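According to Swiss-Prot, the feature phosphothreonine maps to THR97, THR189, an assignment based on similarity to another entry. The feature phosphoserine is assigned by Swiss-Prot to SER145, SER166. As annotated by Swiss-Prot, region 'RNA-binding' applies to 75-114, with the evidence given as similarity to another entry. Per Swiss-Prot, region 'Multimerization' is recorded for 152-165, and the stated evidence type is similarity to another entry. Per Swiss-Prot, motif 'HCCH motif' is recorded for 109-140. Here Swiss-Prot flags 145-154 as motif 'BC-box-like motif', drawing on similarity to another entry.
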Amino acid sequence: MENRWQVMIVWQVDRMRIKTWNSLVKYHIYRSKKARGWFYRHHYDHPNPKVASEIHIPFRDYSKLIVTTYWALSPGERAWHLGHGVSIQWRLGSYVTQVDPFTADRLIHSQYFDCFAETAIRRAILGQLVAPRCEYKEGHRQVGSLQFLALKALISERRHRPPLPSVAKLTEDRWNKHQRTKVHQENLTRNGH
C-alpha cells in the first residue's frame, strides 16, 4: 500500500509570537474570562510530537475553530527561520477546512467580543442604546461607511491591556521586513565635549 500524504497550510511564525499568542489566550480564558468556552490543549496532551499547543474556539452553530501551533518543523528559507508554524482549521461535524487568519479573526469577532458595528448607525438614529466601542478591531479591517466613520471618531479610543488575541497578528510576516535600528546619541558630557 502506498503512503497517503495530507497537505496542510502552515503559516511560518516566529517562536516569540507563538509564546505571546499562547499567554494572551490563557490570560483571556482564565483571568479576564472574555474567551469563555475556549479550550487550551497543551503539547503533552497531544499525541503528535510536533504540536506545541492547540486552541479550540467553539461557535454557536456547533462549529469550532482550531488554531494549532507547531514546533520542530523543517527549517524555512533562511537560516533564522526556525521550524515554528501555525495552522488554522474550521470544523463542523466531520467537515474540516483550512481558514486564512483574517477569516479566523472575523469569525472570532462575530461571536465573542463586544462590537461597535454597522448596525450602530441605524440604532443611534432610532435613539436606541449603542455599544460604546469595538473590543476586537482585528475582526473587521474594511473601511466603513461615512456615517460609521463619523460615529467612530466621536467615541474616544480606549486601549485594552493586555490586547485580545488576533490570529492575523500571530501569522503576520516579520522576517522579510527591514528592521529599523535605533541610533543612540552619544552622551556629550561623558565624551568630554
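A Cβ is built for glycine as well, from the same backbone N, Cα and C atoms used for every other residue.
In this structure, the modified residues THR97, SER166 were compared by how many other Cβ atoms lie within 10 Å of their Cβ, and the smallest count belongs to THR97.
When the Cα atoms are compared, SER166 (phosphoserine) and THR97 (phosphothreonine) turn out to be 19 Å apart.
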